[in-house]
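Copied from TrEMBL, the annotated features are:
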TRANSMEM  30-50  transmembrane segment
TRANSMEM  93-114  transmembrane segment
TRANSMEM  126-147  transmembrane segment
TRANSMEM  180-201  transmembrane segment
TRANSMEM  237-263  transmembrane segment
TRANSMEM  283-304  transmembrane segment
Amino acid sequence: MLSQSILENKSKNNKKNSHFKQKFKEWFEVLPFIGLGLVLLSVFVVYPQIKNIYMAFTNYNIMPGQPSEFVGFANFMRAFHSEKFWLAFRNTVLYGVVTVPGQMAIGLIVAVLINNVIKGKNLYKVMIYIPVITSWIVVSLIFKYLFTDGKEGLINYALLKLHLISDPISWLQNTWTANFVIWVLGIWKGIGWVMVIYLAALQGIPNELYEAAEVDGANPVQTFFKIIIPLIKPTTFFILINLIIGAFGVFIQVMMITNGAPLGTTDVLLNYMYNRAFSDFEFGYASAISVIIGIVIMAITLLLKRLLKYDEFNY
């Protein structure tokens, strides 16, 4: 009995060792591929994030060999007491409040219309998606030209010819009209992406549901709100999270169209942070702003995920 127990233990140990060797061999085979990815991730993501957080707590000095003074939460307190920071924060939030629902609503409507089109579906998809793949710099310059102040601007010229206005509108010299131009650009450029995501979700809805609704006498509006909207709810939350994150990343169009003008009243968070870092060389303060942006985005994302889980539980 004792010898049999010893043999069984040896057999189990041999199996464990064999299993461990097999797993080790598998990991060793993929290590070059995973290792390269981990190195790149560490160099271009992890290290910059850690360095940025460290800089946020210092009066960072970019001069080689010069120490950076540790200031604790002073950079964060400066941001929270800065009117310009809160103005940039307000403009960023307003950009999200306006552009996110605008992109989602128009993108969904366009997706539903294209999904019901029999001929030319691919042509319509390409036409609407083109703005998404067009450079932000290019479209920003185009919009800046379209909304140029005075009679030289194409929008002003068209409105004057149609007798809708008597004097040219100073689009980029007024805070709200300048923000309006930036909002319109954000909505126009994002519709195509929303349309593609929603279109994929719509094509996943079985035709039997539409046929059953038609038999029950449901009109297109009832079908839209009773069948389509509930079934694409997970897709809607996915789009919502991505658009909110994208809204806090608004930067290029502001830099190209207004660069914060007039008098910094159209600054957004990234634009404000960029100018503090590379115009005023206040890298510690700019790093603190970036940390605040990251915390806000993380909080919004976690809140939306929590709401999604709660909604799915009740649904």
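Each residue, glycine too, has its Cβ placed from N, Cα and C.
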Chain residues in Cβ proximity to the transmembrane segment (180-201) (below 8 Å; excluding those fewer than six residues from its ends, i.e. six or more beyond): 94-95, 98-99, 102-104, 106-108, 110-112, 114-115, 125, 128-132, 134, 136, 139-140, 143, 147, 171-172, 231-232, 235, 238-239, 243, 246-247, 250, 253-254, 257-258, 266
Stretch contact, the transmembrane segment (237-263) with the transmembrane segment (93-114), Cβ-Cβ under 8 Å, 3+ pairs: yes
Distant-in-sequence neighbours of the transmembrane segment (30-50), which means Cβ under 8 A and at least six residues beyond its ends: none
Positions on the same chain near the transmembrane segment (126-147), where near means CB under 8 A and six or more residues out: 110, 114, 153-156, 171-172, 181, 184-185, 188-193, 195-196, 252-253, 256-257
